[in-house]
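What Swiss-Prot records for this protein:
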type: BINDING; residues: 68-69, ARG73, 136-137, LYS147, ARG164, ASP166, 177-182, ALA201, GLN236; note: NAD(+) binding site
type: ACT_SITE; residues: ASP68; note: active site, proton acceptor
Amino acid sequence: MAIRKIGIASRCDRPEVLQMVRDIIAHFYSKVQIYVSTATADVLDIEGTPVERMRDKGVELIISVGGDGTVLRNIAKMKDPLPVLGINMGTLGFLVDVEPEDAIETIEEVLYGFSYLERMRVDVFLNGEMLETATNEVAVMSAKPAKIIQFEVYVNDCLLDEMRADGVVFATPTGSTAYAMSAGGPIINPRVNAIVVVPVAPFKLSARPWVIPSDSEITVKLSDHKKEAVIAIDGQKSYRIRPDDVVKLKKSKYPARFVRISDTCFYERVQRKLS
């Protein structure tokens, strides 16, 4: 086989997910060397390897068993993400293409070689210090539920807009079908190098989504010096920001990588997922 080492990382709170991991290990342990993430391994009572160390072990791809959130968590652990193959054990999943009944057969095919798609990510900085890298989106929201915040958004030091809203979402093309879409933003083909800026429940009719070049530097500043806000990154981690803080977003030099398993066009795939 072309692939000799694979990683497996999964949700750990659902029996059917853990059983799928067991089935994959049982089927492939004699064919390839398998590294199981520490969290999953602890539940299965086997030896584990942190996802962030799998590249050092020579792992060539990671099989993520769960939903989109599982994929995002695994990617976030890697500075330079390995290719990911998602097994869909959730509900609606844009980042997980393989259904459970097709998992073993699909992995068999992938082990003989695969291609992958690169998707841009966004580095998030707070007062000059890097926090995380987002694959889907960065949301700046009020720290208090049902309270609006006032903030300014700059693109390359040019004022894009000053908004009063529940918040604002900055999404990659990959994330344009997630929170940004629910907030009224456009769906962006991943081949388009862009970042979507989507106000969330803005308090003025002229506030509209923007699509800006991916090489732009985006700056967010709170205008109301009495209110704090929260940055949520891919719905996984959050950080509180204060009125004097400066948030900056830049395109990351390390893309996410997703194993390509079909030639279905992007538009047909989105229609199928949303139908």
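Every residue, even glycine, has its Cβ placed from backbone N, Cα and C.
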Name, in the order they occur in the sequence, the residues of the same chain whose CB lies under 8 A from the CB of TYR179 (NAD(+) binding site) and which sit 6 or more residues away. ASN136, GLU137, ALA139, VAL169, ALA171, GLY235
All chains considered, the count of other Cβ atoms within 10 Å of the Cβ of ASP68 (NAD(+) binding site) is 24
Neighbourhood of ALA201 (NAD(+) binding site) by C-beta distance under 8 A, where only residues 6 or more apart in the same chain count: ILE148, ALA165, ASP166, GLY167, ALA183
In the three-state scheme derived from DSSP, which category covers ARG164 (NAD(+) binding site)? strand
Return the residues near MET181 (NAD(+) binding site), defined as same-chain residues 6+ apart in sequence whose C-beta is under 8 angstroms from its C-beta, sorted by sequence, else 'none'. ILE187
Just checking, which of ARG73, ARG164, THR177 (binding-site residues) has the fewest C-beta atoms within 10 Å of its C-beta? ARG164
Within 10 Å of the Cβ of GLU137 (NAD(+) binding site), how many other Cβ atoms can you find? Include all protein chains, please. 25
In three-state terms from DSSP, label GLU137 (NAD(+) binding site) for me. strand
In the three-state DSSP scheme, ASP68 (NAD(+) binding site) belongs to helix
For TYR179 (NAD(+) binding site): DSSP state (helix, strand, coil): helix
